[in-house]
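A.B. asks: Would you mind keeping the following structure in view while I ask a few things?
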Amino acid sequence: MAEKVKSPAEVMKLLPQEDCGECGSDSCFEFALKLVERTTELERCPKLKKAATKKIKKMLAPPMAEITFGSGDKMLKTGGEEVMCREELAFFGKTILAYDVWDTMSEERLVERVQNITGMSFVRFKETFTVDAIAIRSVSGDPMKFKDVVKKVSDITDLPLILCSLDPKVLKAGAKVLKGKKPLLYAATKDNWEKVLDIAKEFETAVAIFSPDDLDMLGSIAATFQREGIGDLILDPGTFCEPESITQTLSNFSLLRRACVKANIPELSYPVMAVPAVASMSFKSKKAAAHYENYLANIFVTKGINLMILHFPEIWEFMPIVYLREGIFKHPKLESAIDPDLYAFNEPDADSPLMVTANYTLTYGIVSGDLDRYRVKCWLLVIDTNALSVDTAVGSGDFCAENIVEHMEEFDVESKVNHRVLIIPRVAAEILPELREELPDWKVVLGPKDSSEIATFLTDEWKNLVAE
Ligand code: SF4
């Protein structure tokens, strides 16, 4: 089958063609272009009729199915990929990160581990990152034991759960406990698929299909589930842990992606998953296993894998995987930009200092890092400089007086502060005269050259600046 062509002109034909700008784009064509690039949502056009909405959704549907599991606020969604490489457009089905527990753990250890996994988090650019799901492995093979552990885990955490066993009796015991919570069953295989299919139908679960190094079998089982109305499927072609087998593992992932986005083979057009946790079974040394798991996980994230089960819930392992994931799954068109806004640091009030900077991710990252590190209580106006740093944006004209004033008005800065002092970066000194002209009621001053000096600068200068 040919690759599906998504043309902005074709989408444009179905839009209201009023160029009213209510969707945030200047014209219907610009909106169509953004829809194709997936940088806006169809719902932003309030004038679109139902029939046209349906047609556009069908036209824009990604070749890879989007699947969900879990329920309520914590429901997870992944898949929806369109391309082989993220450079062609973007990856969308952000890797879901799950850590495992197992049913032979002592109750005390189980509770502690579930609490650790659920509570593991860190903050990056004001966004808090946490683990996405917990995988419960049946090691005992005992359905009753598994049931008890699933109950215990679901009482402690609200994270979506993955039930892991190849024995349908065990899976059914766990699925019963989670009725209505849509767990992911791991896994249907060539030997158990009929019984797993029955469980998936009865309890309306998502299903992982596991067929190590046999993509034909993977597709054949998926086709059967598809025919029987189970659409939330994820494919696991096996994670081969030994260093010499990694190529095979990666090659299987690439073949599956190609079968989906290039050949549009429906039964292989599902998200894929990997289990770096297998490293924990392949190394005698716990430390070596943890390092190898981390190595595998980072490789898989770069391939755009949609779900991973991990074994070592350590923050040193979790952070780099998340950092990499956030970079890989960020739309290339948006990756260098922070949303313009008036950002509050450390609970500022109306007397707190006001500063301005550019919306380049790195600039914002460094400045916000220094403000957080030194506990600076302030307002930071981030203006749209087309993702250029301050000095570059001064040169290009994006960090200019007019743009700063426009953003001050847009975010109603005057109502947030009692004083009229605006601090601009020292590297933007050349716009100072013009900005003072544009803001005659404000005292516009140069801040320090480096954001690491902001705390000292404010300690030394702020009182005088507001008093003068
Ligand atoms: S809101 Fe709708 S009609 Fe208006 S410009 Fe956007 S796409 Fe066109």
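Including glycine, each Cβ sits where the backbone N, Cα and C put it.
Sharing the features that TrEMBL gives for it:
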DOMAIN    3-62  domain '4Fe-4S'
BINDING   C20, C23, C28, C45  [4Fe-4S] cluster binding site
BINDING   T357, T363, S451  5-methoxybenzimidazolylcob(I)amide binding site
A.B. asks: In sequence order, which residues at least six apart in the same chain have a CB under 8 Å from the CB of C45 ([4Fe-4S] cluster binding site)?
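C.D. replies: In sequence order, the residues whose Cβ lies under 8 Å from that of C45 ([4Fe-4S] cluster binding site) (at least 6 apart) are L15, P16, E22, C23, F31.
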A.B. asks: Consider only the binding-site residues C20, C28, T357, T363, S451: which of them have a Cβ under 6 Å from an atom of ligand 1? Write none if no residue does.
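C.D. replies: Among the binding-site residues listed, those whose Cβ sits under 6 Å from ligand 1 are C20, C28.
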A.B. asks: To test your reading of the [4Fe-4S] cluster site: which residues beyond C20, C23, C28, C45, same chain only, put their Cβ within 8 Å of the Cβ centroid of those residues?
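C.D. replies: In sequence order, the nearby non-listed residues are L15, P16, E18, D19, G21, E22, S25, S27, F31, R44, P46, K47, L48.
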A.B. asks: Where C28 ([4Fe-4S] cluster binding site) and T363 (5-methoxybenzimidazolylcob(I)amide binding site) are concerned, what is their Cα separation in Å, rounded?
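C.D. replies: Between the alpha carbons of C28 ([4Fe-4S] cluster binding site) and T363 (5-methoxybenzimidazolylcob(I)amide binding site) there are 33 Å.
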A.B. asks: By the count of other Cβ atoms within 10 Å, pick out the sparsest of the binding-site residues C20, C23, C28.
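C.D. replies: Each of the binding-site residues C20, C23, C28 was scored; lowest Cβ tally within 10 Å is C20.
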A.B. asks: Tell me the Cα distance separating C20 ([4Fe-4S] cluster binding site) from S451 (5-methoxybenzimidazolylcob(I)amide binding site), rounded to the nearest angstrom.
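C.D. replies: Answer for this pair: 41 Å between alpha carbons.
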A.B. asks: Any idea what the Cα distance is from T357 (5-methoxybenzimidazolylcob(I)amide binding site) over to C20 ([4Fe-4S] cluster binding site), rounded to a whole Å?
C.D. replies: 31
A.B. asks: Would you find the one among the binding-site residues T357, T363, S451 whose Cβ has the most company, meaning other Cβ atoms within 10 Å?
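C.D. replies: Top count of Cβ atoms within 10 Å goes to T357.
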A.B. asks: How big is the gap, in Å, between the Cα of T363 (5-methoxybenzimidazolylcob(I)amide binding site) and that of C20 ([4Fe-4S] cluster binding site), rounded to a whole number?
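C.D. replies: Here the two Cα atoms lie 34 Å apart.
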A.B. asks: Compute the average pLDDT of the predicted model within the domain '4Fe-4S' (3-62).
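C.D. replies: So the average pLDDT across the domain '4Fe-4S' (3-62) works out to 88.
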A.B. asks: Other residues with Cβ within 8 Å of the Cβ centroid of T357, T363, S451 at the 5-methoxybenzimidazolylcob(I)amide site?
C.D. replies: A358, Y364, I366, V367, S368, S389, V390, P425
